[in-house]
Structures are given as structure tokens and as C-alpha cells.
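Here the structure is laid out as C-alpha cells; the discussion comes afterwards.
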């Protein structure tokens, strides 16, 4: 049986309650943390393609970009380590911050972590907007990275814990939806600010606006029942559960949350616990899902879209407009994921997206190879450029309804309470580590591997699609504290997960 990943969702317990307006509004405000991340992803590539920005901070790159001699290798025009450090330093800071955010999220709550993320991002955006030298730029980027690390640690967990099981996927993908909206907004702002003097300052400084919204929102939001129980506030947790489920009949779900919390308290150190055999599936997916998400090559498009389009012969305005188009496709495709993820499940979106991304990456690589070869000399005609843009958009769409949102959703929903902070910290840190690596080395790899870089990404897509097909069970509609049943029903993981999970004492039920 292919993958043997079918899990009988009928075995899952269904709690009383309904989808309330309070939950929808709360999750929308919390998902603003994704808008910060998305805005930064989109704004950076546009700013680094603006001539006034390059003249002020990276004059050598500007001179290289303006070199129009026949011997110019288009692949290498933007190959500069200091320029890539401006982009990648944020993700190294986010990697470090994610470990501190894990402690904050567990000990103090989800709300304070989101508040810290908003404050860090606010200060970082202002520093970048008023930067007068490279040092200010890099310090601002590091503070932005702390903000991203805290938000990416706390927001997916917050959304998963607040959402009812039957729409958890859709609400959790609200985080990814906000990322894509942030990217689109950034691309539109870059297109507008590129036409004014020192418009890059406006582009970088506007990042303070969503940060202010998140700070205010974090102060006003309520804490999740899971977090309240975890910190001994049982009566508040019970009232909050009634509020978010819209019913007084919450005893069963409340008791399951209490039991899960009591089991979690028996764990002295979640970092030691998550490496135990019974949590091997969670450790595997929290690590490899983030790793695979980055080596799809998507952030090459998200970071460097305007730069990449310039390298491929698009004009300055055309390169920024092409980034706006890909950003729009990203938003629409993420909406498709929100609509379908709880209907068709996670696996089908992963698998279809993988096939589509592979086909598009190969075609993109072939199109670039035909025009630029290994010499890096050439250009696209208008029709050829439009065809290339079409396949880039098809690739972005495939990612946006598969690995984009599901790379955050699956790790946040599969971890038991006792390992959830550690699992999410691993997820975020691996994501940020490889985001940093890709951001730092992409322009150098493009210079040396040329069109072959896109074919390399296509090979990675094949590997990760096979990984999902064989090892990921379906998790739709499974209550978040009942995920251990999923692994014991899977053809592979049941050989690894010990039977002791099944025989937990009745006073400490593992699943509801």
C-alpha cells in the first residue's frame, strides 16, 4: 500500500462546540505575526535592487550591475557577500531568538512571546528606515530577526491551540496567508517607492506599521486554555474554553487538556524528552519539514525576485512588477489551501504541490539554459520573458498551497503538550538556519551553478515528495492532544513508537 498513511479519522473524539466569531477575530489578530515575516521577505529583494540604496551602501554592486560590456556574466552581477549578509543576517538572529522564545512561550505564555516579537520588529524597522551606515542596517536586521524568531515560535502554536480541530488547518494557515499578504504588500510598496528619491527608506520603515498592530493586538488578545492550564490558572482556562468554543459543555475537552498538562509536568526537560523513541515521528517532522520547505528554492523567489528578474534581463520597473505578480499569485494560492486543507487533507496538497513544483523548476532551468547557457550572456525576448514568468508563477502557486502553509501547520499540530515548545523551537530554528544559508549563498551559487541551480532544487523536490508519500500520515480533523493515535496507525511509525503510549494511566490520558 503506497505509504500506508491512511488513518481512520473516525477513531478521533469530537468535542462539543462551534466556530465562534471570537476565535476567528483572535486568530486573525495573532496571525499578524505572519504579516511581519512576509513583509520582510518581500521588501528585502526590492530594496536591494534599488539604485539609490546600492549607491549608498553597496557601490561596488552598483558598478557591477551597470557594467554592460559583452563579457559580463549575467549570473554573477549581484554576487556580493556583504549584500547577501544584509538579507541573511535577519534569519541567523531569528535562529538564535527561537530558542529563547521557546522558554518564554512555555514559562510566561504565548501572548508575551508575540508581544516581544512585535516590539523587536518595531525597533528594527525604524533603525533600518533611518539607517545612515551598514552597521545600522545590520543591527536593525538583527532586531527584525529577533522579532521574526519570537513570532514564528509563538503564533503557529497559539493558532493551533485556539482553533477547533475541524478547522485547525484553515485557521493555522492564516499565519501563512498573512505571510503571503505581507509579501504582496511589500512588492507593491517597492514598486511605488522605487519611483521616489530614497524610496528604500519608506519601504524599510513601513515595516513598523504591522509591528505596531501586532503589539497592540498582543496586549488585547486572550491567552490560550492550554497555556493557562500549563501555568496553573485552571478557572481562567475553563472560562476561556467556554468562550472560544461557544458552549458550556467543555468538560470533556477541558479534562483532556488538564490530563495532557499533568503529563507534561512530569517531563523535567522537553529537549531531552523529544529525542525519546516515542516522539521520534514529531522530531523527524519538526526537523525535516522545515529543512525541505527551504530547499524547494522558494525563498530564492521571495527574497530575490526583483534581483533575479533583473539578472534575467527584465527592466527595473518590469522586475518589480513581476515580483508584484508572483506575490499576488502567492496570496490567491494560499487561499486555495485554506479552503481545501480541512476538506481534502494535508497529504494530497503536499503531493500535488511537489509534482507541480518539480515540473516548473525543470522547465525554468531549461528556459534559462537555452538563453544564457554557461557563459551567462544573453537576454529574453518579451514573449520568452512572459513564458518564464508564467512558470515561476505556477511554481509559486504550487508552493503556496502545499509546502508553504503545511510546513508550518504540520509541525505545530503534531506535538503533544509536553514537547510542543521544544518541537516548535526546532521547527523555527531549522527553518531559520536554512533560510539563512539559502539567502547567504544563493547569489554565489547562481554565479557558479548557473541554470543548474534550478535543476538542483528540482531534485530536492523529488526527494521531499517521496518522503511525504511514505512517512506522513493524514492529520486532518484529529484533535491536537490525540495525535499519538496517528503514529500507531501508520505502517512505518508503529514499528518505532513504543506501546507504552497506549497503556498510559487513566488519570493521565495521552489523547482525548
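Glycine too: its Cβ is placed from the backbone N, Cα and C atoms.
Among the ranges 250-272, 319-341, the one that TrEMBL lists as transmembrane segment is 319-341.
Per TrEMBL, the listed range annotated as transmembrane segment is 171-190 (candidates: 151-170, 171-190).
For the transmembrane segment (171-190), the most Cβ-contacting stretch among 19-39, 202-221, 348-368 is 19-39 (pairs under 8 Å). Same-chain residues lying 6+ beyond the ends of the transmembrane segment (113-132) with a Cβ under 8 Å from its Cβ atoms: 30, 33, 36, 97, 101, 104-105, 139-151, 153-155, 158, 201-202, 204-208, 210-212, 214-215, 217-219, 221.
Counting C-beta pairs under 8 angstroms (sequence separation of 6 or more), the transmembrane segment (451-472) fails to reach the transmembrane segment (319-341), with fewer than 3 such pairs. Remark: the transmembrane segment (19-39) makes no contact with the transmembrane segment (348-368), by the rule of 3 or more CB pairs under 8 A.
Contact counts against the transmembrane segment (348-368), taken as Cβ pairs under 8 Å, peak for 388-410 among the stretches 82-101, 202-221, 319-341, 388-410, 422-445. Mean per-residue pLDDT, taken over the domain 'Major facilitator superfamily (MFS) profile' (26-476), amounts to 86.
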